[in-house]
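Residues annotated as repeat 'NHL' in TrEMBL: 15-58, 67-110, 264-294, 302-342. Summarising the annotation, TrEMBL assigns transmembrane segment to 106-126.
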Amino acid sequence: VVTSLKWNATGITVAGVTGISDTTPDKLNKPQGLSIDSNGTLYIADRNNCRVQKWLSGARNGTTVAGQSNGTCGSGPSLLQTPQGVIVDSDGNVYAVDTYNNRVQLWSYGASFGIMVAGTVMIPYFEIMNNLYNTLRSSMQYTVFLFPSTGISNSGNNQLSFPRDMARDPTTGTLYISDYFNHRIMRYLVNALSGTVVAGGNGPGTNRTQLNYPLGIYLDVTSNSLYIANYYCHNIVRWVIGATSWTLVAGDINGMSGNSSTMLFYPLDVEVDFMGNVYVADTSNHRIQLFQAGSRNGTTIAGVTGISGTDPYHLNYPYALKLDSQLNLYVTDWYNHRIQKFLHQ
């Protein structure tokens, strides 16, 4: 199927308030990771508010589905510490990359606390949840619950060091996590206590067996491969799961930055459509680049190269991007504290 690859250059703010950060339900504070469900509902890693916001299509306010609505940060099971990635599954369960706690938390639909599904417990954490405590107090029963707390930052297969993003296989539930400071991608099977290195893990560098601070990742189930925003190398690479090296998709193979149509400047995220076209959040160039399947020459489809701004035509360090089923483009406009939607034409 041949589909038009044109988008309206004027962005529509669908979440947050341009240039204003706060903890109120209508605002965001340096949002980063982004996920979208089949109904067009957005799930936003509201980083500096230490929460994940659920934002219905057309809504003016978001609802907190992970972390605390008042922006409280921390390491307990009901808290997050600057979450930077988020995924929602078909049942409404939310996976949050709890970056500063070196863990991934699963918040089941409607839950008031998360369960760690990747990372390692450092110390036990005792918490009496307020609503349960008040109920038990009336009958003079007091209960202390033991939950896992913040994860250890290290390089073991059961550890993460500043995880930044993740992808999930919708069929198997397997998670793929960008383990930023360990320069690798980890695979965690459902209920696994430790992960497996599937990309990188050979220290930082520019050669094809290495990653250099990997960030956004996209899982292409059809080709059994990961597309990785290789942040410090200013490129996008494709790593077939089971392979020992990557192939270049976009940007410079030697890790050089630039603002031409073939170059990138600290890319943070990558997305692939059903036609094999690649979309890149070219963050420090303040633009979204489209690389048609097989091409390394990009086209700017949102933002203005090298110029940040607050109007509907500009972006200010775009962090993450997602496409809906109609190829409408959603962008986390990081420093503008908003989510922008660019309509597919």
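Using N, Cα and C of the backbone, Cβ positions are placed for all residues, glycine too.
With DSSP classes pooled into helix, strand and coil, the tally for the repeat 'NHL' (302-342) is 3 helix, 22 strand, 16 coil.
Under DSSP, the residues of the repeat 'NHL' (264-294) split into helix, strand and coil as follows: 3 helix, 14 strand, 14 coil.
Here the repeat 'NHL' (15-58) has, by DSSP, the following mix of helix, strand and coil residues: 3 helix, 19 strand, 22 coil. For the repeat 'NHL' (67-110), DSSP puts the residue distribution at 3 helix, 15 strand, 26 coil.
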